[in-house]
Each structure stands twice: as structure tokens, then as C-alpha cells.
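Asks: I have a structure I would like to understand better, so I am pasting it below and will then ask my questions one at a time.
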Amino acid sequence: MAENQVDPKRNLPLYGAADESTSATDKEDEVENVRQNGSAPPIEEARESNEAPAADEYPHGLSLFFIVLAIMLATFIISLDQTIVGTAIPKITDQFHGLDKVSWYGSAYFMTFGGFQTSMGKAYRYFSLKTTFLVSLFIFEIGSLICGVAPNANALIAGRAIAGLGGAGMATGGFTIIAFSSEPKRRPLFTGLVGSAYGLSAVAGPLIGGAFSDKVSWRWCFYINLPVGGLAAVIILIFFHSPSGAKPVKAPLKEKILNMDLVGVSLLMCLIICFILALQYGGQTESWNSSKVIGLLVGFVAILVALIIWEYYLGERAMLVGRLLKKRALWAPSTYMFFFAGSYFILLYYLPTYFQSIDDTSPIGSGVRNLPMVVTFSIAAILAGAFVERTGIATPVMLVGAAIATIGTGLIYTWDIGTPAGKWIGYQILAAFGFVIPWLIPMNIAQANADAQDMSTVTAYIFLAQTLGGAFSVSAAQSAFVNTMLTKIKTTAPDVDPMALIATGATQIRATFPNDIHGVLLAYMAGLKATFAISVGMVGFACLMGLFTPWNRLHGSAGGAAFA
């Protein structure tokens, strides 16, 4: 679209492929006209080039190898921050004395990781792809350092939030770099390789978290990010060069900032905080009908309405662009990913609690018992990526994966005190296989049906859905866990003070309540079953949402919205 064209919906000049007949003065006049109208240039047309990289621009050989390696390292550490904490949480609750803030250890990271996805996606549109990725990595490293030195729970939560902000930029930028570095037909293979880094972090996370928590300190769960992230930064600095299709928009800084939609991001953050706090207080420190809990829930609804109105008002500048969200190739896989990822993260955070509290294993032992799930996840990620690359089949794989995951999580729900090894090994393998085979397919579908200028934005939307699913699901699961446990303890161990139980770390319940341990374990198990039930429901709903995803093969649709 040439610069002199007009968007009929906005009646504003669009910044598209440069028209050589347009003078520099004309360009300046158009920019000034936009500024006087109080609107920034519509972001979806704001590219120097709407084309994917030319064939000779794709890196090859050693350069491609190192670029993919760097993105795998970056993916490894931002994913490790999601998987390593689950095993470390019982030890963290011991040091910071309580279960009341457990949901924040995961949700603070998911909140900023998800909330800033679209803004970071736009940052890659308006600023250098390479520079923005490196700055995001630096922010992530700062957050990890804060987590490592945190003197209390609040400092740890703050560090997690900062790390999530950096992780948002790294995730969007990493997959955008892969998209611009690989030909469309080979893209599923490389995203599968990056997915294997996620799987590797899933394998290493519980083991590393358990080893550090047992033998050194849980703080090393965060220190480990520093050298790995530094290596990834050096590789990107040397080997990656932004292609012509990824040139940033030439627009005034004010317009770039306006298009980041920081108001929308702030509303989303407030929305998530209200939800988490309501679930944290409800039934634990406050009754569900208390003014504080009701106020938070009312605030959640009010902010949600305000966010919808604000996003509609901003139009093309919004964090959530209506033009893109109307496409079935984006909203269907995004919704699928919200529920699918939410279900997985519940298992990721609560299986270690099951093993360490119910089975009385050490953190290392808990990590070892998680291996059936995480090893399956790692191996199957590569196989799934290769299959999709070879066949182009996407939606059927999503449905089959979600169906298998539903069966697997349903079987995990049947676990109880003293469940034999054969069941907790086999059920984890089944669930993991179901979760991994479709994990990256929503990303493949969104990218294969996006124009070059929309690549980073649609990538961000998938990550937004994934991480918000994690934030909401982990918070809901924690609320269900604690409330169910407190209700159950009144009958299984009536002499135990419920508030004392909440204030006791998951690995200390036997030492703290030796005379009532059987009743405490029954209460813990009831709470864990409540979390597993939520996991089953979410992945089951994801399976239904998969039916709405377009059934076209990915081959032949890359680079230009094949279906709407």
C-alpha cells in the first residue's frame, strides 16, 4: 500500500512501502498531519517493506546454526523460569514461611510475560529487531539477579515480574528472528527445535531446581540464567543481522510510544492483579463475601470493561488489534492456547507439591519423578515439529493432542496417597505426549497466515494467550488448593489450626504436625485433586476450541493470510 493511500476506516495516511514519487517534504507533512489529528500511524501498515525476506537473505550454514542455537538458549532460560520454580517452591515456602503467596511466584512472571507481549511485538516493529531482543534479554537478566538476592517474598515477586517483562521481549523476538531466518516451509522444523529447548528446560528444570534447593540454595535457580543469557547475547550480537523485511518504521518517537498502548498494558496488569488478589484473599485471609474480595472482583469486571472500550477506541494502535483478532487463524489458536497452556502449567506447578508433600520425597527426588513427563515433552517436541513440516497437517494434530492430554490429566486426577509408581509414571507420559505434540502448532498457524509486517504481532498474541492462561490458571488452582484443603482439614484433623497449616511450608508438614499427619495429608490430597480437576477442565475445553481452528494445511499459506 503506497503512502498516499487512505484507510477508509481511519481516514489517515498509511505508512507502507515507500512511493518513490513522494518527496521527503510530503512525508513530513503527512507525519505532522497525523500528529495534529492526535492519532499515530496505523501500525499494521507501518513497515518499510511488507515482503518476507528474499531467498538470498536467509542465513545459511554456520550463521543459521548459531542463530538457532542462540534462540534455543534464550528460550531455554525463559522457559526454565517457568519450570524450575515448581520444584523450588516447597523450599521457598519454608524460607519465607507460608503458602499464601505461592501463586504469585508463578503468576508475577506470567503476568508481565503475557501482558507485555503485544507491546514488545510492536517494539520490534518500531525499533531494531536485534537491539530490542538484546535489551529484552538484559532486562530478563536483571530480574533474575533480583530473584537470586531477594531477602523476602515481595522482593522475589518483584524480580519475577521484571524477569517476565524481559522474557516477553525475548519470546516474541526469538520466534520473530526464527521466522525471518528460515524459509516458510522449513519454519515448523526450526520452531520445533526451539520447542525442544522448551522441552529441555522442562527436563532440566525440576532436576536443576531440586539439586539447587537440596544441595546449594534455591537462589541458584535464578543465578543460572546469567551465564546462559550472556552467551545467547554474544551469539546474536555477532551472527544475526536484521533482514530488509524487518526494518523498523520511520515515525516520530511520540507516535511509536503511542502505538505501544501502555495504557492498555496497564489496564491488563491491573486486571490480572485484581483477579489474583481476589483468589488469594478469598476463603483464606478474608471471607468470600468480605468487602475486600467483592471489591476486587467488581474491580476486575470494571477494568475488563474499560480495557475493551479503550482497545476499541484505539483501533489500529491498540494492544489488541481488532482487525487481526477477527481472523479465525488467530483467535481460534489463541483461545486454544490459553486453556491448553493453563492446564499444563497447573500440572507443572503442583506435581512437585504432590511428590514432596504426599510422598515425602526430596526436591531432587521430586525432579526425578517428574522425568516421565518432561522427557516425553522434550523428545516429542522435535518429532512433532518434523511431522508438521513434512505434512503441513496442523489442526488434526491439535485435536488429537488435546484429547490425549485430557485423558492423561484425567488419570492424574485419580492419584491418591500411596499411588504406585507404575501409575504416576505411565499417566505422566500419556499427559506429556498429549501436551507436547500440538504445543507449537498454534504459533505455526498464526505465523503461516500472517503478512511479514504482522509477524511479530501475531507471535506476541500466541504468547499472550499462553502466559495469561498460565497466570489465571495457576492463581485459580492455588485458590482451589488452599480453600479445599482448609475445608477438608476441619474434618480430617480438627485439632490443626488452618492458619498454621497455610503458614507451614509444604516440606515441613510432617515435622510441624507429627500427630495429625494422616489427616493433614488427606487435606493436602483433597486440595491437589481440586487443582487437577481444573487442569482436566481446561484442556478439555481447549480440545473443543480446536474444532474452530481452520483445517487448511500449512504448506502454501505462508506469507499471506490464506484463510480468515
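From the backbone N, Cα and C atoms, a Cβ is placed for every residue, glycine too.
Sharing the feature lines straight out of Swiss-Prot:
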REGION    1-52  region 'Disordered'
COMPBIAS  1-10  compositional bias 'Basic and acidic residues'
CARBOHYD  Asn37  N-linked glycosylation site
TRANSMEM  101-118  transmembrane segment
TRANSMEM  131-151  transmembrane segment
TRANSMEM  161-181  transmembrane segment
TRANSMEM  192-212  transmembrane segment
TRANSMEM  220-240  transmembrane segment
TRANSMEM  262-282  transmembrane segment
CARBOHYD  Asn289  N-linked glycosylation site
TRANSMEM  293-313  transmembrane segment
TRANSMEM  329-349  transmembrane segment
TRANSMEM  368-388  transmembrane segment
TRANSMEM  392-412  transmembrane segment
TRANSMEM  462-482  transmembrane segment
TRANSMEM  531-551  transmembrane segment
Asks: Applying the under-8 angstroms CB criterion, which one of 192-212, 293-313, 368-388, 462-482 scores highest with the transmembrane segment (262-282)?
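Replies: The stretch with the most contacts is 293-313.
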Asks: Between 192-212, 220-240, 293-313, 462-482, 531-551, who has the most Cβ pairs under 8 Å to the transmembrane segment (329-349)?
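Replies: The stretch with the most contacts is 531-551.
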Asks: Answer with yes or no whether the transmembrane segment (531-551) touches the transmembrane segment (101-118) by the criterion of at least three Cβ pairs under 8 A, sequence separation 6 or more.
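Replies: Judged by the Cβ rule, the two regions do not touch, with the required three close pairs absent.
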Asks: Using a 10 Å cut-off, grab the number of neighbouring Cβ atoms around the Cβ of Asn289 (N-linked glycosylation site), all chains included.
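Replies: Asn289 (N-linked glycosylation site): 8 neighbouring Cβ atoms within 10 Å.
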Asks: Which residues, given as numbers and ranges, are at least 6 beyond the ends of the transmembrane segment (392-412) yet have a Cβ under 8 Å from it?
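Replies: For the transmembrane segment (392-412), the far contacts come to 333, 336, 340, 343-344, 347, 351, 384, 423, 427-428, 430-439, 441-442, 444-445, 532, 535-536, 539-540, 542-543, 546-547, 549-551, 553-556.
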Asks: With pairs closer than 6 in sequence left out, are the transmembrane segment (293-313) and the transmembrane segment (462-482) joined by 3 or more CB pairs under 8 Å?
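Replies: Not in contact, no.
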Asks: Given a Cβ distance threshold of under 8 angstroms, which distant residues of the chain, six or more beyond its ends, lie next to the transmembrane segment (131-151)?
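Replies: Tertiary neighbours of the transmembrane segment (131-151) are 74, 77-78, 81, 120, 123-124, 158-170, 173-174, 177, 219-223, 225-226, 229-230, 232-233, 236-237.
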Asks: Are there residues at least 6 beyond the ends of the transmembrane segment (220-240) whose Cβ is under 8 Å from a Cβ of it, and what are they?
Replies: 59, 62-63, 66-67, 69-71, 73-74, 76-77, 80-81, 84-85, 88, 130, 133-134, 137-138, 140-141, 144-145, 147-148, 159, 163, 177, 181, 208-209, 212-213
